[in-house]
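Asker: I grabbed these lines from Swiss-Prot:
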type	residues	note
TOPO_DOM	1-11	topological domain 'Cytoplasmic'
TRANSMEM	12-30	transmembrane segment
TOPO_DOM	31-42	topological domain 'Periplasmic'
TRANSMEM	43-68	transmembrane segment
TOPO_DOM	69-91	topological domain 'Cytoplasmic'
TRANSMEM	92-112	transmembrane segment
TOPO_DOM	113-131	topological domain 'Periplasmic'
TRANSMEM	132-154	transmembrane segment
TOPO_DOM	155-185	topological domain 'Cytoplasmic'
TRANSMEM	186-216	transmembrane segment
TOPO_DOM	217-230	topological domain 'Periplasmic'
TRANSMEM	231-249	transmembrane segment
TRANSMEM	252-277	transmembrane segment
SITE	R262	site 'Important for substrate binding and transport mechanism'
TOPO_DOM	278-311	topological domain 'Periplasmic'
TRANSMEM	312-335	transmembrane segment
TOPO_DOM	336-347	topological domain 'Cytoplasmic'
TRANSMEM	348-369	transmembrane segment
TOPO_DOM	370-404	topological domain 'Periplasmic'
TRANSMEM	405-434	transmembrane segment
TOPO_DOM	435-445	topological domain 'Cytoplasmic'
TRANSMEM	446-464	transmembrane segment
TOPO_DOM	465-468	topological domain 'Periplasmic'
TRANSMEM	469-492	transmembrane segment
TOPO_DOM	493-514	topological domain 'Cytoplasmic'
Amino acid sequence: MSKDNKKAGIEPKVFFPPLIIVGILCWLTVRDLDASNEVINAVFSYVTNVWGWAFEWYMVIMFGGWFWLVFGRYAKKRLGDEKPEFSTASWIFMMFASCTSAAVLFWGSIEIYYYISSPPFGMEGYSAPAKEIGLAYSLFHWGPLPWATYSFLSVAFAYFFFVRKMEVIRPSSTLTPLVGEKHVNGLFGTVVDNFYLVALILAMGTSLGLATPLVTECIQYLFGIPHTLQLDAIIISCWILLNAICVAFGLQKGVKIASDVRTYLSFLMLGWVFIVGGASFIVNYFTDSVGTLLMYMPRMLFYTDPIGKGGFPQAWTVFYWAWWVIYAIQMSIFLARISKGRTVRELCLGMVSGLTAGTWLIWTILGGNTLQLIDQNILNIPQLIDQYGVPRAIIETWAALPLSTATMWGFFILCFIATVTLINACSYTLAMSTCRSMKEGAEPPLLVRIGWSVLVGIIGIILLALGGLKPIQTAIIAGGCPLFFVNIMVTLSFIKDAKVHWKDCSPYTQKMTH
C-alpha cells in the first residue's frame, strides 16, 4: 500500500468508538423504553431549565463575533490561494440544500401551530397577539442569529484547512494553538472527536426519524399503502442508495447536482403554495412579523421565563439552540470545504443573507398557509394530531391546497431529495473526520463515504424497528452539551492563531500536520 493510500485510510480511534457507543445507547434505550424515557426527559429538563441561559448567551456572543469578522481586520482575508471552486449561485444553493432537510419542511408546516396554541409571554392561546408573534418566533429561531454562529465556525475551519494547510479535518486538530499538539494527539483530542461523531450520528438518526414518517404518510396518501416497518426500511434504503450514487460522482458532481435539484424544486413548491395559499395575506403576515420580531427580539434573545415558568423558552428556544449547536461542527466543516477561495466577509455575508432568506421564505409561506387553514376552520390540527399524529397533520396542510394530488407528489419528491442531500453532506463529513489525513484538494475514499452512509442507514432502520427513536431524539439535545464547549474551543483557537498568523505569519508559519 502506498503512503498516500495509507494516509487516506481509517483512523480506528475515531472510527470504531462512535459506532460502539451508539450501539450501546440504542440497546440501553430500547431495553426499557419507559425507564429510558423517564431518565432522558429528566436530563433534558435539567439541561434546558438549569443551563438554558448558557445556550442563549452562546448564540448572542457568537452573533457579536460575526459582526467582528464582517467589519474587522480579517474581513478581506481570503480562505485559500485559489479562485472559488463553485459559482456564487451554486455555492449558496449547496449551502441551503445541505443545511436543510425534510425536518425543515416538517417544522415549517406545523411549528406555528405550537406557537399560537401555547404562546410565550403569558399570552392567551389562539389570541391575536399569539398569532402575531407565532411567525415572528419562527423567524427568530431560523434567522440570522443561528446562521451567524455557523458562518463563524465555517470561517474557522476554512482558515485551518486552506490557510494553515492542515491535513486532518476534524474538531480536535483545530485546537493545537489552544491546547498544544500533545493534548490534541492524545486522549483529549480523541475524546473531543468521539463526542462530535456520536452526536452527529445520532443527529442524523433524528433527521431520518422526522423525514421517514413524513414520506410514509405521503405514500399512504398517494398509493393507499399503510405505514409499516417494512416501508420505513425501504424508504431509508432508497435514501442510502441515492446517497451512494451521489458520492460515487464526487463532491463536485454528486452534491452539486442533488443540491441544485433540491433547491429549484423547493422554490417551485414554495411558489405554488404562495400563489394558491393567499399571497397577499402571506406577504402582509411576513411584514407584520418582521416588525413584531424587531419589537420583541431583545426579550427573545434572553427569555428564560424564571418567574412565569410557562416552559416556552425551554421547549423551543433552548431546544433549537441546542439543535443548532449539535449540527454546528459537522455543517461548518462541510461549508468550509465548499467555500475555498472566498473572503471572510464574503463567506459570512453569503451564509447569513442567503440562508436566512431561504429559511425565512420557507417558514413564512408554509406557516402563513397553516395559519390560514386554522383561522378559516378548514383543518382541525389538534384533532388530527391526537388521532393520527403530527406527520398526518402536516400532510393535510399540503393536501388542502388546490390540485391536491399533484401537490402531494411534489411534496413527496421534495422531502425525499431534501433528506438525500442532508445524508450526503453528513456522510461526506463523517468520512473526512474518520480518515487519518486529508490533504488540501483531496476527498475521502469512496468506500469510506459509502460505508458511513450505509452504517447510518442501518442505525436509522434499527431505531425505527425498535421504536427507540423518540427517546434518542431527546437524548441528542442533552448530548449536545459537550459540543457546546467544543464549539467554543474551536472559536478561541481560531482567534488565537489568526491573531498571529494573519498579522505577520509568525510563529505558526510551519505546516500544521497531525
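Keep in mind that glycine also has a Cβ here, set from the backbone N, Cα and C atoms.
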Asker: Between 0 and 100, where does the mean pLDDT of the topological domain 'Cytoplasmic' (155-185) sit?
Answerer: 89
Asker: What same-chain residues lie close to the transmembrane segment (43-68): Cβ under 8 Å, and 6 or more beyond its ends?
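Answerer: Residues packing against the transmembrane segment (43-68) from afar: 144-146, 148-149, 151-152, 301-304, 313-315, 317-319, 321-322, 324-325, 348, 352, 474-475, 477-478, 481, 484, 487-488, 491.
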Asker: So if I exclude everything within five residues of the ends of the topological domain 'Periplasmic' (217-230), which remaining residues of that chain have a CB under 8 angstroms from its CBs? That is, six or more out.
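Answerer: The answer is 391-392, 394-395, 399, 405, 408-409, 411-412, 415, 464-465.
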Asker: In the topological domain 'Periplasmic' (217-230), how many residues does DSSP call helix, how many strand, and how many coil?
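Answerer: Its residues fall into 9 helix, 0 strand, 5 coil.
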Asker: Check the transmembrane segment (186-216) against the transmembrane segment (405-434) for contact, please; criterion is three or more CB pairs under 8 Å, pairs 6 or more apart in sequence.
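Answerer: Between the transmembrane segment (186-216) and the transmembrane segment (405-434), contact is present.
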Asker: For the transmembrane segment (132-154), which stretch among 12-30, 92-112, 231-249, 312-335, 405-434 has the most Cβ pairs under 8 A?
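Answerer: So the stretch in question is 312-335.
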Asker: Looking only at the recorded stretches 231-249, 312-335, 348-369, which one has the largest tally of CB-CB distances under 8 Å to the transmembrane segment (92-112)?
Answerer: 348-369
Asker: Would you list the DSSP helix, strand and coil counts for the residues of the topological domain 'Periplasmic' (370-404)?
Answerer: 25 helix, 0 strand, 10 coil
Asker: Under 8 Å, at least three CB pairs between the transmembrane segment (312-335) and the transmembrane segment (446-464) (pairs 6 or more apart)?
Answerer: no
Asker: Can you count the other CB atoms that lie within 10 A of the CB of R262 (site 'Important for substrate binding and transport mechanism')?
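Answerer: Excluding its own Cβ, the number within 10 Å is 25.
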Asker: Report the DSSP secondary-structure composition of the topological domain 'Periplasmic' (278-311) as helix, strand and coil residue counts.
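Answerer: Its residues fall into 24 helix, 0 strand, 10 coil.
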Asker: Hey, does DSSP put R262 (site 'Important for substrate binding and transport mechanism') in a helix, a strand, or just coil?
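Answerer: Helix, per DSSP.
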